[in-house]
Amino acid sequence: MPLLEGPVGVEDLILLEPLDEESLIKNLQLRYENKEIYTYIGNVVISMNPYEQLPIYGPEFIAKYRDYTFYELKPHIYALANVAYQSLKDRDRDQCILITGESGAGKTEASKLVMSYVAAVCGKGEQVNSVKEQLLQSNPVLEAFGNAKTIRNNNSSRFGKYMDIEFDFKGSPLGGVITNYLLEKSRVVKQLKGERNFHIFYQLLAGADAQLLKALKLEEDTSVYGYLNGEVSKVNGMDDASNFRAVQHAMSVIGFSEEEIRQVLEVTALVLKLGNVKLTDEFQANGIPASGICDGKGIQEIGEMMGLNSTELERALCSRTMETGKEKVVTVLNVTQAQYARDALAKNIYSRLFDWIVKRINESIKVGTGEKKKVMGVLDIYGFEILEDNSFEQFVINYCNERLQQVFIELTLKEEQEEYKREGIPWTKVEYFDNGIICNLIEHSQRGILAMLDEECLRPGVVSDSTFLAKLNQLFSKHSHYESKVSQNAQRQYDRTMGLSCFRISHYAGKVTYNVTGFIDKNNDLLFRDLSQTMWKAQHPLLKSLFPEGNPKEASLKRPPTAGTQFKNSVAVLMKNLYSKNPNYIRCIKPNDQQQKGRFTSEMVMVQARYLGLLENVRVRRAGYAFRQGYKPFLERYRLLSRSTWPRWNGDDREGVEKVLGSLTLSSEELAYGKTKIFIRSPKTLFYLEEQRRLRLQQLATLIQKVYRGWRCRTHYQQMRKSQILISAWFRGNKQKKHYGKIRSSVLLIQAFVRGWRARKNYRKYFRSGAALTLANFIYQSMAQKFLLNLKKNLPSTKVLDNTWPAAPYRCFNTANQELQRLFYQWKCKKFRDQLSPKQVQTLREKLCASELFKGKKASYPQSVPIPFRGDYIGLQGNPKLQRLKGREEGPVLVADTVKKVNRGNGKTSARILLLTKGHVILTDAKKSQAQIVIGLEDVAGVSVSSLQDGLFSLHLSEMSSAVSKGDILLVSDHVVELLTKMYQAVLDATQRQLSVTVTEKFSVRFKEGSVAVKVIQGPEGGGNRKLICKKKGSNAMEVTVR
């Protein structure tokens, strides 16, 4: 936090004064209105949904929060994620992050932020980055297939997700495991008014190209499909087409093959097309109502996509086979029953497809069994729901939220207070509501609502939703958290909001009225065996794999567990998993029901604060201790801080802890010694201990390094000394041997030479063999002298362009002749350069630069070679009015020329004056005396020019340039070679970078309205000067004809 920036309100509610419900809500409102959406209760983060993107996320903030402790910066979800990650890495303790709140409170976004933070701060490397990318890319896939727009949330999770991210001992991710809970598959066939089906259906229709839609036999119009709510086909702020492409990319990153992606989309399309199967009454001779399919083409297309005969598929939808002993009886279904079978098939296909996708993701991100790993769990599960019509789905969703609230109560409120009591720490009890009685009402194994629902589903006889409700009224009419019409009548209460087919439970979040209609069917979740067997016969590989029970060889008459039992067991496993980890809480709050930014509804927030138990949590944290740990692990971690306990301590663990803390300057109020644990009141004290430990570790590391280096140097010295003595002895002996050998060889050699010399001296006068060598040397020297004198007389002129050179008279002098020619030419060039003025040097450099840029590329370049670069073509030096265009720019004007600017809208040209200085490009109307456009050379990203005889060029500006808000500029100049050459040199001098000069007939320019493709073509040859004709070809193309 910047030093001069004060906090808005109270950042940690533990410090709130006075502490009551009203001040708590006002503090949250004050922070929310100032866009401070995060608030602490100790190490619990309260997150308010801002319903807008705030500039408080990204790499910059991640880097900031990873370098500071929890309370040193503003409250943020990154701070909690950092604490959880560091605890997992440093303390070797598995973590879980529990994200709770109502639907629409921002839980899904919070889980994404946690995962993105962990992915950013953990290790690097090719394999690690691949794992991180797969974990992150699982989110868009699961959101597409498991999220939908509801009345209260445009991106509501309609399933529960718990992800275990697994790390190695260094804190680098190895992979993960995703567990999903109770997909709301009834949404596949029916949605409430104002809601949508799952996102993937709309994304597929909006984002698939025409070829893919044709292959899937789909139409782009959502109103065509019976399973899609045509009234709400689009959601504000959500681009279904781009999201579809993102889902395809994410599936590829995770590891889905192209074939698997295609099969997933085919099965998704099948679900859509099943909703368009029209069923009609058919006449039978026996008078029994029957049904048939009136759209033969539609069922035939579905059969082709499944790889089934359409007749067989129709039979499975319109009839049912009943097995009685060894006999099979086929009964026809009426239209209502057939529609139920069709919808059940669609729901089961989609639900099993979703489970298959989760399983497939887990196969890609799973970790090998042999690796030791640490685990961080992230729970993103549907929020508490209170709708106008609450059914079985809302019942199990709210049951799950009750269990999560129970976890929070037991681990933060109840467990903490009981721990103080066990440890003998003085404590003032804080009252709170324990929702265990509600959980027991729902999940009791024998007398719970779920148990009664299963019993009703399994018992013989006539079973209906009303008999189930009657059983509940019989058992729970006197329960304090259960209400129904029967219990109200018995107590002479009159409530018109309570229907005859409804019951009400007083949840921790408020009272919810449930309509029992459909409870029995949804709990049974039955799919006729004929449909399973028919799907197993399908030739579509993915569809067939979704229905293994359809295999006649593996058919089982055992009744599958009910949906309620499956969900109850899954929640029990989840609770066991959460209890085994250290919890970190994010409590999400929805500020208003209209999803509007900046709007704070105090009553709504107060209700959520009450059932989340925020006030009780503050009181417990305020009266308690922020950190506690057993004496033994605490001593193991911090014993190095005291000389009494380091390096060895053989006494009692508690006594050792007292020695450690006694050696530090800590207040006695900050510490409390329990029976088995040490309690520390303030997080700042814990941070102080960690800082002292870090400094002590540095000291110990230095000490270890010092001792090791000393030992290594002593050992090395001893080895070197021993080796040196041995080497010296061998070396001296060998040196003497070699010295004696050399002396002896030298003596013998000298004797031989002396004898030879004496012999040659005595007998030289008798031999003439030396005369030939003397004559040869004389002749060769004479030829060389003649060659050099002749070359001196016939030297060519000192003109640089004169490349003549006399030939060598003999072949033996060819190499020397070539080298002399090279040296003479270099000498001529140096003489020529020494005679040039600075202006002539600059002119030649410009010509050289033009040659490098345009020679062999631009057709008009040869004509520009003999013409000197003038620079001023408008008489700038003699015109004070034009000189004012230069403004305060210092230095000379490199180019002053009249150019034509091409209009972005219609391609017409208009005259402009262009000035090029050492720092800017200035454009103005020829009739005005003030600069209209001033572009810094650092904003010029490049230029594009054609290879023809024209003078058209595009001035490309960097995207971050603020000089021209309308984008790039198209200009026409009669001196394009000179202008671009000098601009290239000016950019190089001003920015130390080379300007990109592209010579091409096709290039793209960026205008405010978007990119425009410019194409330059050669028209029929015209007389006189070259003419350019610019024409717009639609909104995204322009054609320039050179005549």
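Glycine is treated like the rest: Cβ placed from N, Cα and C.
Mean pLDDT of the predicted structure over the domain 'Myosin motor' (8-694): 86. Per Swiss-Prot, domain 'Myosin motor' is recorded for 8-694, and the stated evidence type is sequence analysis.
Classification of E102 (ATP binding site) by DSSP places it within a strand. Cβ environment of E102 (ATP binding site): R152, G383, F384, E385, A509, C588, I589, K590, Q608 lie under 8 Å away, each six or more residues apart in the same chain. If you look up Swiss-Prot, you'll see G101, E102, S103, G104, A105, G106, K107, T108 marked as ATP binding site.
Long-range contacts of the region 'Actin-binding' (571-593) within the same chain: residues 28, 32, 43-49, 51, 77, 80, 83-84, 87, 93-102, 104-107, 110, 114, 152, 162, 164, 179, 181, 375, 377, 379, 383, 399-400, 403, 407-408, 411-412, 599-601, 604-605, 608-609, 612, 614, each at least 6 residues beyond the stretch ends and with a Cβ under 8 Å from a Cβ of the stretch. Residues annotated as region 'Actin-binding' in Swiss-Prot, with sequence analysis given as evidence: 571-593.
The domain 'IQ 1' annotation in Swiss-Prot covers 697-719. The domain 'IQ 1' (697-719): residue composition by secondary structure is 23 helix, 0 strand, 0 coil, according to DSSP.
Look at Swiss-Prot and you will find 720-742 tagged as domain 'IQ 2'.
Here Swiss-Prot flags 743-772 as domain 'IQ 3'.
If you look up Swiss-Prot, you'll see 858-1042 marked as domain 'TH1'.
Same-chain residues lying 6 or more positions outside the domain 'IQ 1' (697-719) and placing a CB less than 8 Å from one of its CB atoms are 640.
Non-local neighbourhood of A105 (ATP binding site): S47, N49, G383, C588, I589, K590, Q608, each in the same chain, at least six residues away, with C-beta under 8 Å from its C-beta. With helix defined as DSSP H, G or I and strand as E or B, the region 'Actin-binding' (571-593) counts 9 helix, 8 strand, 6 coil. Annotation for G101 (ATP binding site): spatial neighbours S47, K107, G383, F384, R587, C588, I589, K590, Q608, L612, criterion Cβ-Cβ under 8 Å with sequence separation of six or more. Between the binding-site residues G104, G106, G106 has the most other Cβ atoms inside 10 Å of its own Cβ, all protein chains included. Other residues of the same chain near the ATP site, with their Cβ within 8 Å of the Cβ centroid of G101, E102, S103, G104, A105, G106, K107, T108, are N49, N153, S156, G383, C588, K590.
When Cβ atoms from all protein chains are considered, those within 10 Å of T108 (ATP binding site) total 25, not counting its own. For the binding-site residues S103, K107, the ranking by surrounding Cβ atoms (within 10 Å, all protein chains) places K107 first. Taking H, G and I as helix, E and B as strand and the rest as coil, DSSP gives the domain 'IQ 2' (720-742) the counts 23 helix, 0 strand, 0 coil.
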